[in-house]
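First up is the structure itself, then whatever we jot down about it.
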Amino acid sequence: MSTEEIKEYIGTQLKALTSIASPTGFTKNATDYLMKQLEAMGYAPQLSNKGNVSVEIGGEGAPLVLAAHVDTLGAMVRSIKDNGRLRPTTIGGHQWSTADGENCMVFTRDGRMYTGVVLNTEPSAHVADEKVEIKEENMEILLDENVNDKQGVAALGIQTGDIIAMDPRTVITESGYIKSRFLDDKLSAAILLGVAHAVKEEAWKLNRKVTLLFTVYEEVGHGGSFVPADTEEMISVDMGCVGADLGCTEHMVSICAKDSGGPYNYELVTELSNLAKSEGLDYAIDVYPHYGSDVEATLHSGYDIRHGLIGAGVYASHNYERSHMDGVENTYKLLKKYITK
């Protein structure tokens, strides 16, 4: 497969994944999709009780896990207000300022879906004397239904505990820019699907036993808490940070040296950076001050592993995010070089 073909494949998988609403706790549709895709490639993926998807893609010895997460930020119905609007509670590290004015979907427990919009309680510039502070207690969901009281909302089957998902608005431009909510971390999940696809199509010779792990509770801190017992090394493939004081751009693969959980394995970070350099990849080594990854949950569960974190550079994390196909390419090539003979 050419580089352009694999990038097109990853882009197609990204669009498919972002089209599936999967806030933490509501990921079954996303994992069903992963299972079907991996089975169609000829693999035998496994679904854990927790909902994680794992699949061995080949190789022997020195078991390595590459992990990405398909759960996203979102919200849940906390209560129904007297005026028929919904009071939300956040799922994950959601910043309500980034969702104010966004279209959304509400999923009921009996399988229905309703559209709506997220707004603050005083959104009209020509009405309110003062703007309200954008925080959770001042946010509400306006349903696209003719309801104006609790009874009307209840008649739709909507209740406390229903899931609220934001519109991802995924766009891949002709110039290669990728704009979407939830590139954290569906972009990495798409890259790992690209790796799995290429292993079969190109008959990669793997230099070790490699398992892909797609987790579903990363945004709340325990996605990677259970991995295969023989795991010796684990790399979280998650978004690279782009912003002030950081070297990474949307065109690069980011190699994280340290985040809020402390340093990543020194030798592994060195190996990955040396490999990126020798392959002529566009990369940066960075420190993320406000970040945590799946592999830290693995360490906290007591696994004796080397741990690392890499990912395509993503700007405006936990917002309407932006990356570039160059970053996808650099991440894919680093993974390929690291796991092949």
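Glycine is treated like the rest: Cβ placed from N, Cα and C.
Any TrEMBL annotation is an automated prediction that lacks curation.
Taken verbatim from TrEMBL:
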type: BINDING; residues: His69, Asp184, Asp238; note: Zn(2+) 1 binding site
type: BINDING; residues: Asp184, Glu219; note: Zn(2+) 2 binding site
type: ACT_SITE; residues: Glu218; note: active site, proton acceptor
What does the structure give for the C-alpha distance between Glu219 (Zn(2+) 2 binding site) and Asp184 (Zn(2+) 1 binding site)? Integer Å is fine.
9
If I take the alpha carbons of the residue listed as 'active site, proton acceptor' and His69 (Zn(2+) 1 binding site), what is the distance between them in whole Å?
6
Please list, in sequence order, the residues in the chain of His69 (Zn(2+) 1 binding site) that are at least six apart in sequence and whose C-beta is under 8 Å away from its C-beta.
Asp185, Ser188, Ala189, Phe214, Thr215, Val216, Tyr217, Glu218, Glu219, Gly223, Asp238, Asp294
Under 8 Å Cβ-Cβ from Asp184 (Zn(2+) 1 binding site), six or more apart in the same chain: what's there?
Thr72, Asp238, Met239, Val314, Ser317, His318, Glu321
Using DSSP and three states only, what is Asp184 (Zn(2+) 1 binding site)?
helix
Cβ-centroid neighbours of Zn(2+) 1 site His69, Asp184, Asp238, 8 Å, sequence order
Ala68, Asp185, Ser188, Glu218, Glu219, Ser236, Met239, Ser293, Asp294, Gly311
